[in-house]
Amino acid sequence: MTNLLSRCRPSVVLRTFSGRRPRDNLLQSAVSTSAVRSISEREDNGVVMAGSSSQSFELCEDPSFWKDHNVQVIIRIRPLSSAEISLQGYSKCVRQESCQTVTWTGHPESRFTFDLVADENVSQEKLFKVAGVPMVENCVGGYNSCMFAYGQTGSGKTHTMLGDIEGGTRRHSVNCGMTPRVFEYLFSRIQKEKEVRRDEKLRFTCKCSFLEIYNEQILDLLDPSSINLQIREDIKKGIHVENLKEIEVSSARDVIQQAHSTNRKVAATNMNRASSRSHSVFTCIIESKWESQGVSHHRFARLNLVDLAGSERQKSSGAEGERLKEATNINKSLSTLGLVIMNLVNVSNGKSLHVPYRDSKLTFLLQDSLGGNSKTIIIANISPSNCCSLETLSTLKFAQRAKFIKNNAIVNEDTSGDVLAMRMQIQQLKKEVSRLRGLINGGAENQENDALSVCFPGSPGSFKWEGIHGSFSPLTSDKKMSQKKEYDVALVGAFRREKDKDIALQALTAENQASMQLAKQRADEIQGLKMRLRFRESGIKRLEAVASGKISAETHLLKEKEEHLKEIEVLRAQVDRNQEVTRFAMENLRLKEEIRRLKSFCEEGERERMNEQIMLLQNKLLEALDWKLMHESDSSTVQNGNLDAMKDVLGNGNLLISGQEPGSPWRSSISEENEFLRMQAIQNQAEMDTLRKKLNFSLEEKEKLERNVNDLITMLEEERSVQSCERRYAELAN
Ligand SMILES: Nc1ncnc2c1ncn2[C@@H]1O[C@H](COP(=O)(O)OP(=O)(O)OP(=O)(O)O)[C@@H](O)[C@H]1O
């Protein structure tokens, strides 16, 4: 998040005293700035910028944009159109809070956080520099990349992806969009790279294709006579469209010419088709080959630029025949896209779910870009006007979900060369492995430091959650969660081992003390016995002296008594010492028992149980996060004191809202969820139907078999009775 924040700074153009930049001032201002110039150009397109008092934020370019995350979500707010202004005035349904946060101002107010939020002041060039440049850099580096524009009809998808291409790639064509800029930059980048790496004999080839998905059919836009092309998947080519025309391009002009001629061809052959009802996918395969240290390198990257169909709900009422089929298919593609994203989010949360990529042409084709080997950027376009309030909310929710997708992008590279070079490479790789091993061993310290944020000892699964708008980033949440899990497990293990050692040490100390006491006891006993012996000897001598009359019997008895008393004293000391030894021995036994119990506790799967507990708690947390983010609007209801609506939801025990006005955002959100659930239900139903068919078939087979068995039994019985009759006849005959 830090680097994201560093990409953004509040606009410095036309600041007021408060540092804000009200659009009214902007329009009234006679100052000629590039921003003002772009406004007048936008007015030509029917969109104007006026009537807002919201703060403006300027995006900063950051070359490390893609380094940390493979999926980025950007919201692009387009200016109000003149039609919208005449309908609803300047009132808006969104308010931008920062470069990453936007609030939907409907009821209930909902706040959304993304990687970037680009307001109407963000020019085509700026957006390209912020998102397009790093994407091209990745492609040159061998990463598959995908950019797709999502949003309702008229929200600015085509403006973003293609824009005004009438001016070709001329720099002053301020409204030319991402695609021409991407290719202009790509080819200049390729040229530079070739010059810098002339020694390596670097070569590049770029092949383009352009297709459209309409009514769940693929049409080749570079060859409009090819219709209903099929998607295939094989090890060599991966997912690709069979027989799709690919054209080698060597300049941005080539690409623009293709786009131009395509527009003409499509317009001529498909007069009834509108971009809002079809998805278009422009693909460029960038291959590079070079030699270094006797090794041939081969890199390739697929760049997909996708302009999706309008995401607004198709009104089924009144639609018949072709129009109904078209509406259903557009819905199918987009709702499958929604379902794929939803399932990917659940999968990244540890749930095992089928991701229905193949349920629509669009998701099948974009499989790698959604949860696969690709760096993907989603630009969700929205209109700020109050007339599009519900569609804007729906787009924001879609984008919010998409933020959770986890891709695994790798550099696509083949390396080959002679055996010597390969050997050298192996040596180098071995060195690298041992270096990395060293790093990992040395890096354990960092992990321990990180693990300090985990609350321990106590509940092994408890950890700090910094909240939805804290430093938590859903894009890194899975990585952090799995790291946390590892730290938890390591901590539990270390803690238990330390406890084991403590107890073993205590036991050894006790054993040692007991042995010392025992030795002392033995020494005392020996001393006691020696003393007794001495007493006996002196007693015998005294008795002899009494017998010889040398001493009186009385003196002897007194002496005897004295010695007995001394003996008793010694015995008492011995008893005390014995008691102490017994105490130590008992303590020793207890500690030994404790060690045995702890060991068996561990062996019996205590560690596994703790891991399970940790995972369970973390899954619960992830679910809670997921729910919280998905229902951010719900939580803001509570924040805003709109408890009544919440009560409706909670009181019903399910997500049905009582007393909601038709078409309210709540209803829209829930109907969206319902749509996904309905899709899942349809899938489940289909699976159940198949299973039911299989079951019926098995039952029929079983019945057939039973009938066969019964027939066989009857035949056997008949055979037996015939045989017994024959036997009886034979007996009678005999
Ligand atoms: N950021 C923007 N700045 C200025 N004008 C814009 C912007 N976004 C869109 N527009 C203008 O709004 C109008 C509609 O945009 P656009 O055709 O790109 O929408 P769309 O989402 O592609 O629609 P559809 O789904 O029908 O293809 C166009 O006139 C376009 O020039």
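Just so it is clear, glycine is given a Cβ too, placed from its N, Cα and C backbone atoms.
Whatever TrEMBL says is automated annotation, not expert-curated.
In TrEMBL, the coiled coil annotation falls on 558-608 of the listed ranges 456-506, 558-608. Of all ranges given (23-57, 93-127, 688-722), TrEMBL attaches the label coiled coil to 688-722.
The binding-site residues near ligand 1, defined by a Cβ under 6 Å from one of its atoms, are THR153, THR158, chosen from GLN152, THR153, THR158. If you take every residue in the coiled coil (558-608) and average the pLDDT, you get 71. The Cβ of GLN152 (ATP binding site) lies under 8 Å from the Cβ of GLY310, SER311, GLU312, ASN381, ILE382, SER383, CYS388, GLU391, THR392, SER394, THR395, each on the same chain and at least six residues away in sequence.
With respect to Cβ neighbours within 10 Å, the binding-site residues THR153, SER155 differ, and THR153 shows the lowest count. Here the binding-site residues are GLY151, GLY154, GLY156, and the one whose Cβ sees the fewest other Cβ atoms within 10 Å is GLY154.
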